[in-house]
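Chemist: Can you read through this structure? Questions will come right after.
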Amino acid sequence: MTSSSSSYLSSLPTCILCLCVLARMASGQLTANFYASSCPNFSTTISTAVNSAVSNEARMGASLLRLHFHDCFVNGCDASVLLDDTANFTGEKTAAPNNNSLRGFDVIDTIKTQLESSCPGVVSCADILATAARDSVVALGGPSWNLVFGRRDSTTASLSAANNNIPAPTLNLSGLISSFSNQNFTTNEMVALSGSHTIGQARCTVFRARIYNENNINSSFATSVRANCPSSGGDNNLSPLDVVSPTSFDNSYFSNLLNQNGLLHSDQELFNGGTTDAQVRTYSSNSATFSTDFANAMVKMSNLNPLTGSSGEVRTNCRRTN
């Protein structure tokens with residue numbers, strides 16, 4: 001055997017690996033084992049970082065889940081939400097639902113830096129967001145779900161889509177149903193996904209009108225929340241979306257709604273004499289049903305209009321295009 005043929009044979013595994021990766025990219029398919037060869041430790045890297053961040057601050061779990069949601073509802077799960085504004089580029093961070101509200105970007109940066117060190121140019125920011133959201137729910141005691149990977153990162157963002165597509169906390173039930181239907185979610189899936197409000201906090205400015213002006217609210221609950229949300233001022237004061245177990249991913253959010261303890265107008269709309277009352281009752285009494293439905297809806301959300309194949313790119317810094 002000549003040295004050239006020996007060299008050729010020794011290079012075969014690398015060539016085959018390259019061909020496999022290229023073929024997968026070309027096919028544009030999301031797969032469970034997308035990073036099995038190219039970055040086998042990516043899942044462990046993400047879960048370790050998420051667990052650390054949530055351990056330091058439980059609220060971060062809700063923040064990372066919300067980042068994924070606000071990404072996917074704006075032209076698909078493409079990490080457009082992570083792009084910073086520049087002199088020549090307007091991202092989505094200053095959109096009304098995001099401005100002074102979205103957080104967790106530093107955790108994503110940390111994860112990306114670690115992955116770029118071990119697997120440069122391989123793992124997309126969109127896949128990081130999807131995985132971090134799942135791992136955040138698990139870290140707070142909620143269900144897990146199986147993800148597929150291979151999402152690519154956008155090179156564009158849409159401030160207008162962020163302003164228009166993300167459901168507002170002031171929506172009534174028909175508005176919520178319509179907003180989620182626009183992303184091909186059923187009403188049942190909308191209610192299940194709303195259960196993410198079992199964790200996290202909201203700013204006074206978002207729920208002030210409800211606690212001072214609405215009648216379908218438990219009076220003692222309203223009084224307790226008003227203590228930290230004056231009728232004027234204190235816009236950024238925080239209150240938990242789930243007053244019973246604000247750092248545990250469970251079904252108490254739905255029990256709260258039965259007692260008219262929904263913090264947001266849109267929360268209480270799910271149990272206000274409408275078509276979703278029965279589902280709220282079911283979830284409040286059956287945590288397993290809620291967990292299953294939530295996990296299934298999250299899988300569906302994580303697969304909204306991803307960029308695959310040669311579309312988009314894999315950013316080396318999640319905050320800017322390459």
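Cβ coordinates come from backbone N, Cα and C, glycine included.
Automatic, uncurated: that is what TrEMBL annotation is.
Copied straight from TrEMBL:
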{"type": "SIGNAL", "residues": "1-28", "note": "signal peptide"}
{"type": "DOMAIN", "residues": "29-322", "note": "domain 'Plant heme peroxidase family profile'"}
{"type": "DISULFID", "residues": "Cys39-Cys119", "note": "disulfide bond"}
{"type": "SITE", "residues": "Arg66", "note": "site 'Transition state stabilizer'"}
{"type": "ACT_SITE", "residues": "His70", "note": "active site, proton acceptor"}
{"type": "BINDING", "residues": "Asp71, Val74, Gly76, Asp78, Ser80, Glu92", "note": "Ca(2+) 1 binding site"}
{"type": "DISULFID", "residues": "Cys72-Cys77", "note": "disulfide bond"}
{"type": "DISULFID", "residues": "Cys125-Cys318", "note": "disulfide bond"}
{"type": "BINDING", "residues": "Pro167", "note": "substrate binding site"}
{"type": "BINDING", "residues": "His197", "note": "heme b binding site"}
{"type": "DISULFID", "residues": "Cys204-Cys229", "note": "disulfide bond"}
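Describe each of these features in terms of where it is and what it packs against.
Modeler: Remark: Arg66 (site 'Transition state stabilizer') has Leu102, Gly104, Ser196, Gly200 as non-local neighbours, by Cβ distance under 8 Å and separation of at least 6 in sequence.
Around His70 (active site, proton acceptor), taking its Cβ as the centre, 22 other Cβ atoms fall within 10 Å, counting all chains.
The number of other CB atoms found within 10 A of the CB of Ser80 (Ca(2+) 1 binding site), across every protein chain shown, is 26.
All protein chains considered, the CB of Cys72 (disulfide bond) has 29 other CB atoms within 10 Å.
For Cys318 (disulfide bond), the same-chain residues lying six or more positions away in sequence with a CB closer than 8 A to its CB are Ala79, Leu82, Phe105, Ile108, Asp109, Lys112, Cys125, Ile128, Asp153.
The number of other Cβ atoms within 10 Å of the Cβ belonging to His197 (heme b binding site), over all protein chains shown, comes to 25.
Taking all protein chains in view, 20 other C-beta atoms sit within 10 angstroms of the C-beta of Cys204 (disulfide bond).
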Chemist: Spatially, and counting Cα to Cα, which of the recorded positions is closest to Cys119 (disulfide bond)? Options: His70, Asp78, Glu92.
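Modeler: Ranked by Cα distance from Cys119 (disulfide bond), first place goes to Asp78.
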Chemist: How big is the Cα-to-Cα gap, in Å, between His197 (heme b binding site) and Cys39 (disulfide bond)?
Modeler: 33
Chemist: Residues with Cβ closer than 8 Å to the Cβ of Gly76 (Ca(2+) 1 binding site), same chain and 6+ apart in sequence?
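Modeler: The answer is Leu304, Asn305, Pro306, Leu307.
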Chemist: Listing them in sequence order, which of the disulfide-bonded residues Cys77, Cys204, Cys229 have their Cα within 10 Å of that of His70 (active site, proton acceptor)?
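Modeler: Passing the 10 Å Cα cut: Cys77.
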Chemist: May I ask which residues of the same chain, at least 6 positions away in sequence, place their Cβ under 8 angstroms from the Cβ of Glu92 (Ca(2+) 1 binding site)?
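Modeler: For Glu92 (Ca(2+) 1 binding site), the qualifying residues are His70, Val74, Ser80, Val81, Leu83, Asn98, Ala157, Ser158, Leu159, Ala161, Ala162.
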Chemist: Whole-number Å distance between the CA of Cys229 (disulfide bond) and the CA of Pro167 (substrate binding site)?
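Modeler: The Cα atom of Cys229 (disulfide bond) is 23 Å away from the Cα atom of Pro167 (substrate binding site).
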Chemist: If one looks at the chain holding Asp78 (Ca(2+) 1 binding site), which residues at least 6 apart in sequence have a CB under 8 angstroms from its CB?
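Modeler: Expected: Asp71, Ala126, Arg151, Arg152, Asp153, Ser154, Asn305, Pro306, Leu307, Gly312.
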